[in-house]
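Participant: Okay, handing you the structure first.
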Amino acid sequence: MDGGMIATTDTLVRFTGVQKTYDGEHLVVKSLDLDIRKGEFLTLLGPSGSGKTTTLMMLAGFEVPTHGEIFIGDRPIKNMPPHKRDIGMVFQNYALFPHLTIEENVAFPLSVRGVPKAEVKERVKAALDMIKLGNLANRRPGQLSGGQQQRVALARALVFNPALVLMDEPLGALDKRLREHMQLEIKRLHETMGLTVVYVTHDQGEALTMSDRIAVFNDGIVQQIDRPDALYERPVNSFVANFIGENNVLSGVVENIEQGWARVALDAGGSVVAQAVNIGGAGNRTSLSLRPERVAIETGDSGDSSMNRLPATLTDLIYLGDHTLAVLNTPANPEFMVKLPAGSYAGLVPGQDVYIAFRPEDCRALDPV
Amino acid sequence: MTAAFVAGADVPLKRRLKRAERARQFRALGLVLPLLAFLLFTFVVPLAGMIWKSADDWEVPQVMPQTVAALKQWNGQGLPDEAAFAALAADIRTAREAGTLAVAAKRLNYIINGYRTTLLSTGRKLKEQPAPGTAKDTLIGIAPAWGERESWTAIKSASGPVTSYYLLAAVDLTRNADGAIVAAPPDQAIYRDVFIRTFTIGFGVTALCLILGFPVAYLLANLPTGRSNLLMIFVLLPFWTSLLVRTCAWIVILQSEGIVNGSLQWLGVIDEPLRLIYNRFGVYMAMTHVLLPFMILPLYSVMRGISPAYMRAAASLGAPPTTAFLRIYLPQTIPGIGAGCLLVFILAIGYYITPALVGGAADQMISSFIAFYTTETVNWGLASALGAVLLLSTLVLALVYGKLALGRQTTGGLKN
Ligand SMILES: Nc1ncnc2c1ncn2[C@@H]1O[C@H](COP(=O)(O)OP(=O)(O)OP(=O)(O)O)[C@@H](O)[C@H]1O
Ligand SMILES: [Mg+2]
């Protein structure tokens, strides 16, 4: 939970208390406070219908916030029409103009700005070379593959050096390999051109690899905004813990809290010590979050009393090359998953009674699910 | 698999592709065959019949075969010889008995006004075949017109089997006694004006439909489904009533004592009723109303396919709304504009009930004349020739459109 709220001088865009409703009944965006810093790659990540596109559209000027204000620099942009916002946008389905050639598509933002013809030619050529499509300049969008069209859309959104680039699931329509290739390409452009990018996706892998910061959306609310590693290692609530990466959940009731450590009595019996992150006082229900790679399997008692230890039965071992996934049945969670590093499961056989062991600092007590 | 590959290897790839394509083409042909057969009998055959009729010249050869044969050798200078006069007398007598003389008389009367009287009165007065050698004097005695060269060139020019007379007449041309193509006499030279009027009205109505229809189609394509369906019903409403009823409604609305004039007078805007009908204004008004849906529907179907994402993309790239419309939206609607204009124009130039009912004498379009010649005077030749000229000019326009449309064709691009 670092400084999403800290107003620094290099803040490019700021949302303050933004709400949005389409039907006047329920809020699609409930209360959005968000700072976008100059030069950063910010990803909006969240399940379908969580309000990511709506947020982007408000920023681009195609939707008007029902409440609250958006600033670019210090200027409120409520009354600024989209074409004056200087925001480059890449749409999910590219929206390349079908009646114009690739060259004309990329030249469009320059020619509407009245850039002299010779300069337009030069910059378009540079932009097409940047995406390595200079040889297709005279084709029409319909004659290009999906990946090529996406690159053209990218070049078109970048050619006029916008202050901010918005991308709404730009890679959603591409196959996996091409998607990974394009991720690298976008990342490279971001770094070499020093762009500020707001990127929407519901693919968490994409979000984790590309972003400087990720804002996790759910139900019209930003659940957490943080660096990818912090988001994964230190989720602040159960939604984020479950949405990002694999997660094991154990439910229980808080017995006591002491200096940030909570003793939790599990519903299925036994008690563990966990980091108190997002819980009320003693007596409240909580869901414990445990990453599969932070748990060890012990066949006997190691005697380390600083570890939490729960009995379990090994039900399955799934070989996955670089690691092995162990599925265990514990009273608290019948499908508990543990990631074992390659080669470390010697001697384990399904059906065996074992213990799962984890450190209190790897176990986060969050809001109950 | 390898075996199969090798088995066909001696046949060149091109040929194999062609063979595969041919099967597909046959299947496609099979699907449209019923329609083709239908079109053949309801469209192609009547059309061919019409074009043939515009050149067919059967009356004189059939009614006056001997005269036609006798005039074969005549060079058109001076008067024909005695044998031709005898043949004419014989033909007239035979035809009069058979009752077919009027048919030839009608045909020849197109060429020279008054020919009918000459021929029919000659028929009446020619009691018997003149004695050999006296045919010329007898005939000229009955009707002095037979002593004029033009009477004979008329027969010769109408002696078939085909004639350019009708087609020339349809564009205000005719042949003089020497067979040269010259302008028709002023009292017959009306069709060019009528064609120009027809096309002027056609273009005018098309332009009005485009101006009025484009915004409506845009609205239809961009409203939420529920409301656009409602609006669509209003657009289609005119199709639910007959053309005649709609046109008569305009008469009720626009006539001197009609609703519009009544209201304006009541409001004190005007003192005298405005002349809104039985003139060009009424024609434009009524025809635009009738043809508007034919513009809106093709426009709508094209606009439906244009994603709002394009306009958003244009705006995000810095284009103000007008620029975005002119450079992004409008060009993508051109197929719809083309189709709508072509449809409205072709329908408009074929209209005749509406101009006949709400237009004045100077607003009648070519179809009225075609109808007049087919139903009133039964001059199939001229009616067909006018139809053929209309068809030809329409075809030329369609070809120009096709060229333009093909030139603009794109391979689509992703719609989203
Ligand atoms: N134009 C609109 N009119 C009414 N409701 C809308 C409109 N656009 C979006 N919504 C609703 O707002 C909510 C949020 O939509 P939004 O498009 O922002 O979601 P999203 O996070 O982008 O989802 P996805 O990942 O599926 O694209 C959804 O429940 C959607 O039904
Ligand atoms: Mg979306």
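The first residue you see is number 1, and the count goes up from there.
Using the three backbone atoms N, Cα and C, a Cβ is placed for every residue, glycine included.
The transmembrane segment feature in TrEMBL is assigned to B:28-52, B:194-218, B:230-253, B:281-302, B:337-358, B:378-401. According to TrEMBL, the feature domain 'ABC transmembrane type-1' maps to B:195-401.
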Participant: Please work out which recorded stretch in B:28-52, B:230-253, B:337-358, B:378-401 has the most C-beta pairs separated by under 8 angstroms from the transmembrane segment (B:194-218)?
Facilitator: B:337-358
Participant: Same chain only, please: residues at least 6 beyond the ends of the transmembrane segment (B:337-358) with a C-beta under 8 Å from a C-beta of the stretch. Say none if there are none.
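Facilitator: 198-199, 201-203, 205-206, 209-210, 213-214, 243-244, 247-248, 250-251, 254, 277-278, 282-283, 285-287, 290-291, 294-299, 302, 364-368, 370-371, 390, 394, 397-398, 401, 404-405.
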Participant: Sort out the residues at least 6 away from either end of the transmembrane segment (B:378-401), same chain, that have Cβ-Cβ distances under 8 Å to it, and list them.
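Facilitator: Distal contacts: 47, 50-54, 56-57, 110, 163, 165-167, 169-171, 191, 195, 198-199, 338, 342, 345-346, 349-350, 366-367, 369-370.
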